[in-house]
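Colleague: The structure is given below, and queries will be raised subsequently.
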Amino acid sequence: MSDDPTTPELESESESELAFEGALRPRTLAEFVGQAKVRGQLQLLLTAARMQERTADHILLAGPPGLGKTTLAMIVAHESDRPLRLSSGPAIQHAGDLAALLSSLTPGEVLFIDEIHRMARTAEEMLYLAMEDFRIDIMVGKGAGATSIPLDLAPFTLVGATTRSGLLPNPLRDRFGFTAHLEFYDEGELAQVLARAAVMLEFEIDGEALAEIAGRCRGTPRIANRLLRRVRDYALVHGGRADIAAVHAALELYDVNELGLDRLDRAVLHAILERFEGGPVGLNTLAVSVGEEPETIESVVEPFLVRIGLLSRTPRGRVATVAAWRHFGLAAPRQGHSQPPSLMDDL
């Protein structure tokens, strides 16, 4: 992890992938595809702030990875005509990290903190006062002789992003003037995202092929753009057309099936079906069985599997649905494997 609190964690993304995604990012709300309600709400918030010549209210963006939280933060800065400062929760592990970051902001600057729920508790508590009154208290000295010195801050707009809004303490959540939950995209919206990306990349691909990619990208624009890149590479190397046959061949090569399931999705489902006889199984046990972090399974894999009806989350643990058994051509046991989904999680 970087010692610089302004450097976001990007452990799972290569520099080339980041450059590719950055080139495709929309710069305005008008260019942003999907999330129509959120776009309308943000447009109103930003327009009102400009008309009143003030900084925009603090904004919290929640939702699964890859739906556009970072892009929307960049758009907020661009449409506010203000600079953007990037940071992340894991990079802010001490109150001093946050104090240094906040005290260096210029008037009206937009501060984006990704994965804000992973920020240290001492930093969270300092952020309360900063968001509300644009000041922080700096402790000087130790023990009984310690004194608090107030430090005024330049007015700023905080944009926080989280994949797990339930982990945010209520005092922090309540200080955001606007909160939005980003939803998964439908196939029509994803086809628009892909068509825009293809034009920007000067990549000729037919509509049927785009629709096929849209159906396999888990409702997530980031995945859609990455799959488009894989199809483009395949067409380039094999010297053929970027048609539906090329899509099938490329995605089969990269283990993305017709539902959009990838290697990890299938590993999770196979573990539940075969090792645990359909479940229920706890999150930590499941994570160990597939060699993955529990947080990755909970925030990346499960939302998609639950949404397409292959997995249920119950008070006792994760359970494979009848549809999951059928998808893999297996006969479901008679009892206990078709419980309705639950928002409750196991410990």
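Using N, Cα and C of the backbone, Cβ positions are placed for all residues, glycine too.
For Leu24, Arg25, Gly66, Lys69, Thr70, Thr71, Glu132, Asp133, Phe134, Arg175, Tyr185, Arg222, the entry in Swiss-Prot reads ATP binding site. If you look up Swiss-Prot, you'll see Thr70 marked as Mg(2+) binding site. Annotation comment: Swiss-Prot describes Arg313, Arg318 as DNA binding site, evidence class sequence analysis. The region 'Large ATPase domain (RuvB-L)' annotation in Swiss-Prot covers 1-185. If you look up Swiss-Prot, you'll see 186-255 marked as region 'Small ATPAse domain (RuvB-S)', on the strength of sequence analysis. Under the heading region 'Head domain (RuvB-H)', Swiss-Prot lists 258-347.
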Colleague: Please name the residue among the binding-site residues Arg313, Arg318 whose C-beta has the most neighbouring C-beta atoms within 10 angstroms.
Modeller: Arg318
Colleague: Would you report the average pLDDT that the model assigns to the region 'Small ATPAse domain (RuvB-S)' (186-255)?
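Modeller: When the pLDDT values over the region 'Small ATPAse domain (RuvB-S)' (186-255) are averaged, the result is 91.
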Colleague: Sorted by position, what residues of the same chain at least six away from Leu24 (ATP binding site) have a C-beta under 8 A from it?
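Modeller: The answer is Arg196, Ala197, Met200, Leu201, Asn225.
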Colleague: Any same-chain residues 6+ apart from Thr70 (ATP binding site) with CB under 8 Å of its CB? Would you list them in sequence order, or say none?
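Modeller: Expected: Phe112, Asp114, Ala161.
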Colleague: Can you see whether DSSP assigns Tyr185 (ATP binding site) to helix, strand or coil?
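Modeller: In three-state terms, Tyr185 (ATP binding site) counts as coil.
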Colleague: Can you tell which of the binding-site residues (Phe134, Tyr185) has the fewest other C-beta atoms within 10 angstroms of its C-beta?
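Modeller: Lowest Cβ count within 10 Å among the binding-site residues (Phe134, Tyr185) is Phe134.
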